[in-house]
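A.B. asks: Let me give you the structure first, and then I'll get to my questions.
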Protein chains: 6
Amino acid sequence: MSDHGYEAGRLNLPFVGISTFGKKEYVSDWDKIEADVAILGAPYDFGCQFRPGARFGPRAVREASTLFSFGHAGAYDHEDDATYLGSDVRIVDIGDADIIHTKTRESHANIEYGVKKILDAGAMPVTIGGDHSVNIPCINAFAEDCAENGPLHVVQIDAHLDFVDERHGVTVGHGNPMRRAIEKDYVTGMTQLGIRNVSSTAKEGYDDARARGSDILSVRQVRKLGTAAVLDRIPQGARYYVTIDIDAFCPSIAPGTGTPSHGGFQYYDVLEILQGLSKRGDVVGIDLVEVAPAYDPSESTQILAAQLLLNFIGFIFHNRQEALARD
Amino acid sequence: MSDHGYEAGRLNLPFVGISTFGKKEYVSDWDKIEADVAILGAPYDFGCQFRPGARFGPRAVREASTLFSFGHAGAYDHEDDATYLGSDVRIVDIGDADIIHTKTRESHANIEYGVKKILDAGAMPVTIGGDHSVNIPCINAFAEDCAENGPLHVVQIDAHLDFVDERHGVTVGHGNPMRRAIEKDYVTGMTQLGIRNVSSTAKEGYDDARARGSDILSVRQVRKLGTAAVLDRIPQGARYYVTIDIDAFCPSIAPGTGTPSHGGFQYYDVLEILQGLSKRGDVVGIDLVEVAPAYDPSESTQILAAQLLLNFIGFIFHNRQEALARD
Amino acid sequence: MSDHGYEAGRLNLPFVGISTFGKKEYVSDWDKIEADVAILGAPYDFGCQFRPGARFGPRAVREASTLFSFGHAGAYDHEDDATYLGSDVRIVDIGDADIIHTKTRESHANIEYGVKKILDAGAMPVTIGGDHSVNIPCINAFAEDCAENGPLHVVQIDAHLDFVDERHGVTVGHGNPMRRAIEKDYVTGMTQLGIRNVSSTAKEGYDDARARGSDILSVRQVRKLGTAAVLDRIPQGARYYVTIDIDAFCPSIAPGTGTPSHGGFQYYDVLEILQGLSKRGDVVGIDLVEVAPAYDPSESTQILAAQLLLNFIGFIFHNRQEALARD
Amino acid sequence: MSDHGYEAGRLNLPFVGISTFGKKEYVSDWDKIEADVAILGAPYDFGCQFRPGARFGPRAVREASTLFSFGHAGAYDHEDDATYLGSDVRIVDIGDADIIHTKTRESHANIEYGVKKILDAGAMPVTIGGDHSVNIPCINAFAEDCAENGPLHVVQIDAHLDFVDERHGVTVGHGNPMRRAIEKDYVTGMTQLGIRNVSSTAKEGYDDARARGSDILSVRQVRKLGTAAVLDRIPQGARYYVTIDIDAFCPSIAPGTGTPSHGGFQYYDVLEILQGLSKRGDVVGIDLVEVAPAYDPSESTQILAAQLLLNFIGFIFHNRQEALARD
Amino acid sequence: MSDHGYEAGRLNLPFVGISTFGKKEYVSDWDKIEADVAILGAPYDFGCQFRPGARFGPRAVREASTLFSFGHAGAYDHEDDATYLGSDVRIVDIGDADIIHTKTRESHANIEYGVKKILDAGAMPVTIGGDHSVNIPCINAFAEDCAENGPLHVVQIDAHLDFVDERHGVTVGHGNPMRRAIEKDYVTGMTQLGIRNVSSTAKEGYDDARARGSDILSVRQVRKLGTAAVLDRIPQGARYYVTIDIDAFCPSIAPGTGTPSHGGFQYYDVLEILQGLSKRGDVVGIDLVEVAPAYDPSESTQILAAQLLLNFIGFIFHNRQEALARD
Amino acid sequence: MSDHGYEAGRLNLPFVGISTFGKKEYVSDWDKIEADVAILGAPYDFGCQFRPGARFGPRAVREASTLFSFGHAGAYDHEDDATYLGSDVRIVDIGDADIIHTKTRESHANIEYGVKKILDAGAMPVTIGGDHSVNIPCINAFAEDCAENGPLHVVQIDAHLDFVDERHGVTVGHGNPMRRAIEKDYVTGMTQLGIRNVSSTAKEGYDDARARGSDILSVRQVRKLGTAAVLDRIPQGARYYVTIDIDAFCPSIAPGTGTPSHGGFQYYDVLEILQGLSKRGDVVGIDLVEVAPAYDPSESTQILAAQLLLNFIGFIFHNRQEALARD
């Protein structure tokens, strides 16, 4: 090892170095993933109905994540008096799924392939979109895993219900993923948080979602209930797949997205739900989608995405360790 | 009709097509307005005291409104379990009043003319500024209508009192409209919400406004009282004219404006007041002003304006129908 | 007609009014196109290989075109001592082709349909992209017209050859249009101007293009030859279809595009070729593609596109009239 | 005096004139400071660990401050029914400390010199950064003043603890100032508000800070306690030095900064603490740092800084006068 | 004098200090102008027909000018082997003319007053706009001076002829200044350079201008003639008033302006004409207008304006000294 | 090897994947550099005298370089009828030198260390700044190499002479590198191209540079001479070190830089000199500095840098092979 290495004492400020997620190791050979968490970029955005550009979400979130890479031996949080993401949590970045312009099916298949390789390696997949349609191959990839380890409860943080079955032949756009998910026999339920205002899903979509076992709460409903009561409505001890559409948040902190909707969540609204969720059961997969940096010169949106993901991953593995310690 | 028509099945995504307000029909002949609501642009901004550019407000709000045009048979709101703006609410866009550079009086006269034509057609005028001085011709245009149908109570949502009588000969700038409004014999009262921090109105303006029957509340006062109590202070069953200066909102969601002021309203603060107001009496006219898109590359401000206007119009006609149904 | 009409004396400044192309009449019924020129938006951009956003090209170019709408009785050009685009040239804007997210074939079909309707109406189609793949349906639409009126010579102004046959199954992306065009039996030749630097077309593409009768010139080659000599290489008296990729231009004046390439054309380089071409034969169709406004806060790119199109249309009809006058 | 003078009646709109802070007099000769408050720019930013650009903070805050310069005889606040910053409060702008590129020690010395000159003149120094390391020379400058007038309690409003002792030899970067301050014998205690999320300070820093007498509260802790209870934890009647890192605020209102951190303060959170503090003891010095305008095209960050500083200065002198009146 | 002074050794980097023009002394008392050159801001922009914002031109150009303030003993130009703007050329910045929102006549009168005060003080006025209509009061201010010292030849660098007599009652907008100038008996001729493309001036305007003695050249005509031949067409030994509309330049270097027009001048095109002009006669006044910074986040436009003005002023006084030396 | 690999058929569009330079392999262990060319980022910018931000130059140039990574088997240039950068040219990206905030000497030492490691590995170093001061450690690193292989002739492409010896104690800022270089006994000469307008170097600097054997040419002088004549002034067969300050270029194509200067080079001006130079002798090292992306939302500057570097590297190795073939 060269004496250039970090071990030998680089300061390694946030702005220095290649932008992998959290400046973690880049693993280009997908047969050699050895990690607890693997980051996959899914830069597909032909499923967007307004402003495109989420294809640059993976690069933007990676770059923003370097801002939070300067705690050396993990990240100390004085509010929790806990150190997250110590060296015992192995995170790798495996780059992006191959995207084929003009081709939705092929691009989605490549995303599914990447998530499967992560699951095969026994790591938790964290997929960074791309538009929300990339959730479809992410969920598809879990078929085998669920056959073995049990079904998923999907927790969606989003402004929009994304529950359109089909319109003009479109079944795998960014308005369809939750409908596609609920169709899986290995998805047993769904919690949809932050849903508000007009969108591409009509009344029938809401009725259908509820009929199929979805729990839909708006931002105001979540706030009125409080974090604890919201968490209580989510099945305990389940295997959670969490899909975060950045437009769930107020455009004030997440302006860089395709279809912004005012009245969204503030930071702690979501952070505390995610922290609670990490204590309530097993988070087995995550995607974070719809970061479109071209509309946010302040980079606030990508910083939010990175900060949220790093904290959420920290919570998950901290609570796994706590749970192990208790056993 | 060509089979190109929407009826025959266009998907008509938000980003597709000419930007009229809500992608509604453009009516260029102002003698042929047949509608419940008519949108008029008033792109005048020589009355602004800091950053100009509200002349591009009408175009920006129109473009943003296309994002909310993809609910087909009206817009379903799951929180209210109501479908707003169904095909029974006829909205048209009549384009802009003619603005004459260097000339304030003539430009204002053209705005007044447009609002009058809308009122003559029996439609509710929704004027998109332009700076807040365009409220002056809007209110002027109501003289005849009020003589026939009764006076107005003006509800202003704004950071600034805009109650300057005259300074350096200026009487129709964006710091003067509320003073001009209260002078009308057909304006019986005023509720001024969101007023905060230093502005061009001095202490005397506040005293004068109160003496003339204005109720002035800051953002913090509105929040402390709560929506219901604020609504209670507004005369019930009156004819309301609502003037919304986008700088009433927190710059976090409305940075694109001429004279931003921190500490402003969040989205639901105002939405709920507007929804309550639409149940409390007749909203007979609206203007929304001071959207200056050049200062907001995220387009958040114009999206807020469009989202707010479409929801407010939805509330008004929903409640009119409910009222009719009750009778 | 209302006395609001332009005839009755609106000043109608550029920033006032709905943004149709050149503030020309919007014709939503595609069975009622009565014009010499019809503008069609083709906001499809899933064919782009780097920065998306050309879906907002049509709206951006329309808005920019209003800057050039303030010459009343046509546009006087003192260098040519000519007045272009007088009231005898009828231009209409027919809005956009319907685009289906995730679906390339269907979106392209809708573009082809729109161009056909224009041709059926006897007007010259001017299509505003969208990415360069929209040229494919534009050319497709000419099959019938060419069967009747004779074949096309395609003149391409572009940084990239766009001559990829197939890669990874992609045949209709923005790297393929010129290959698709030359395959048509009604395309007899091609002039490709501005081609430079590395792109998705490999050496074989160049060989193939030349073998199929294409004349390829770089920016430096065009400048070295001079406008007249370049024009001399284009068959005289042919029916020209002109496809302008805005990235043909130097990024200094056209930064708002998906795949910028330094070393491009300056304004007069292209303007003079287009003016010469309009004298050399019949321009029967135009597309201008790859304007992606999100990357150009100065709006320079869309202003270039609008200025170029309005001038080019002016030249074409001026020379048609001159030709008629000579006969 | 020329009849051009303000006294003789200029309207003096915010956008008119040279940008000194609050359009106050510029005093270039630092031996002739005659004022209650003197503004000093400290445009040093080599101490920043992510996005630089705070060197343009002083110019940006000055320009934004002109927006709030249009109340003539002081600024009337209707919520407090008070007029702040009347002509009896003398504010001057003394320009910037000289900054030497590549040189930290020399630049800091020049800042210290400027603050000392202000203190020597008996005025309250208000230093506009620059990155947070400029707090180090600001505190250094108080040595003599404190020897005479008593020690300081430092109140820090910030996202980050900035309590690193030394890393890689760095002791005076923007992660070190609070550690440097607490080392002074004339700094008797510290209140650190808004601290959250991961940063360059590790757990040891928190322990050390608390051991040395610091009171650390996160944004959520401050909100849970409430303004009054937070103020109660700050020693009453002390001499306060207040250092405001703009990244204490939510990136929604302060995106233009080097190291944004979500979950920050809203406007009134901080305003009310500052107002309360001004009643609780003597504010003897202020710095406001880390405004980096290049990342905020909406100018929201600099407007926040200017609005906050002008209000804070207003509160301080209003309460000094009230206190005098009571005596 | 404090030892803080520049004389005593500040490095005074461009980014340090208050933004007056070239960091020159600010003279607020217009009865005490003692200088060779006085800079006046004229932040009026209600005369603009497309994008407003030139009211921030003076502040933007001042800030950009600080970039060129770091040559100590004048600015050495190695191409000319000359040092310009040594300490013998006294430049002061007198701030801005008072602008009254909604009021054109009053605002223009205040600009005229400021230019007159400069002329009364025997200094050369350099007015920074503001839109091009501010040229009208600038020229008006010369009435008395010309009565004494002889008439003016106006040299205009612009994309647009600005020769509209009256439209819709508008006579003093930004399309009218050259018409207003030629009406003065003390304006004996006009050279209009850079004029191109469609604008608000119709064919009649060109005929009228030529009939009244104007020499109109497009960018291409200027380039074809060459600098020397262009200069030859300008009367030698006259008193020149030079009005520079920044939109004369190619939008590639001057995107931040209200009505951009492609095909404009490059930097040396204009620089060499200005240098030549400074040798050909007496430049007695300058205005530079239409810098609207909101449309140019790169600040390129304001840097161009500052670089051009500083060089032009340098040429003028260098050649005056050379002329004196020759005598 | 996983079947995910590129060999197995990824399309690998420009927007897909981690941003290393040209998507080349990232080598984190500096003892294992096996390549012809190694890219090193040098994100130091405390040496800048106006707008900082060049610390993000390496990341920006890397991301832009992905746009040019889609030619598979090298990049075919039809003008040269040559394929550049085939698989025989091995390029690696070794990440960034470690930068220490507040510390210039240490940061420079780390850059020097990185360049030395590249030289030790027998590869050509290509350093991406950072401000121009990073050239100083780059040149320092060549001491040993030159002792062995012979001295350097430095070719500088820049707007500024950067020949300041010392000012205010500053000797290693971005105004000093050329002075520092010429002091080396292994630097035998210097060619400085593009130098223009006022800067931090005074007349004495020019005299000194010339006295020490520098050849200084402005943009206009270079154009007047022509590429061939310029090349003739550079010693043939020498070992060239080429330092490219992006501000050498016209701000129209390179606005994203700290100290822009109008009148700069266009793309082909420089490209052709670099191509000629690669034929004239051995290019043994390159740095490209002063790309500050925060000032260029169009990303044009970083695209220019990437396009230029990839072409230049292509030329160098193409000509080395041609030379070998000739031998």
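Just so it is clear, glycine is given a Cβ too, placed from its N, Cα and C backbone atoms.
What TrEMBL records for this protein is below:
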type	residues	note
BINDING	C:His132, C:Asp158, C:His160, C:Asp162, C:Asp245, C:Asp247	Mn(2+) binding site
A.B. asks: Which residues, same chain and not among C:His132, C:Asp158, C:His160, C:Asp162, C:Asp245, C:Asp247, have a CB within 8 angstroms of the centroid of the CB atoms at the recorded Mn(2+) site?
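C.D. replies: My list of surrounding residues reads C:Gln156, C:Ala159, C:Leu161, C:His174, C:Ala248, C:Thr259, C:Val289, C:Glu290.
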A.B. asks: Where does C:Asp245 (Mn(2+) binding site) sit in the DSSP three-state scheme?
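C.D. replies: Looking at the DSSP assignment, C:Asp245 (Mn(2+) binding site) belongs to a strand.
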A.B. asks: Fewest other CB within 10 angstroms, which one of the binding-site residues C:His132, C:His160?
C.D. replies: C:His160
A.B. asks: Identify, in sequence order, the residues in the chain of C:Asp245 (Mn(2+) binding site) that are 6 or more apart from it along the sequence and have a CB within less than 8 Å of its CB; answer 'none' if there are none.
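C.D. replies: Set apart from C:Asp245 (Mn(2+) binding site) by at least 6 residues yet with Cβ under 8 Å, we have C:His132, C:Gln156, C:Ile157, C:Asp158, C:Ala159, C:His160, C:Asp162, C:Thr257, C:Val289, C:Glu290.
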A.B. asks: Please work out the number of neighbouring Cβ atoms within 10 Å of the Cβ of C:Asp158 (Mn(2+) binding site), leaving out its own Cβ.
C.D. replies: 28
A.B. asks: What does DSSP say about C:His132 (Mn(2+) binding site): helix, strand or coil?
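C.D. replies: Assignment for C:His132 (Mn(2+) binding site) reads helix.
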A.B. asks: With Cβ-Cβ distance below 8 Å and at least 6 positions apart along the chain, what are the contacts of C:Asp247 (Mn(2+) binding site)? List them in sequence order.
C.D. replies: C:Asp158, C:Ala159, C:His160, C:Ala254, C:Thr257, C:Gly258, C:Thr259, C:Pro260, C:Ser261, C:Gly264, C:Glu290
A.B. asks: Measure from the Cβ of C:Asp162 (Mn(2+) binding site) and count the other Cβ atoms within 10 Å, all protein chains considered.
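C.D. replies: I count 28 other Cβ atoms within 10 Å of it.
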A.B. asks: If you run the three-state DSSP split on C:Asp158 (Mn(2+) binding site), which class comes out?
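C.D. replies: C:Asp158 (Mn(2+) binding site) sits in coil per DSSP, no helix or strand.
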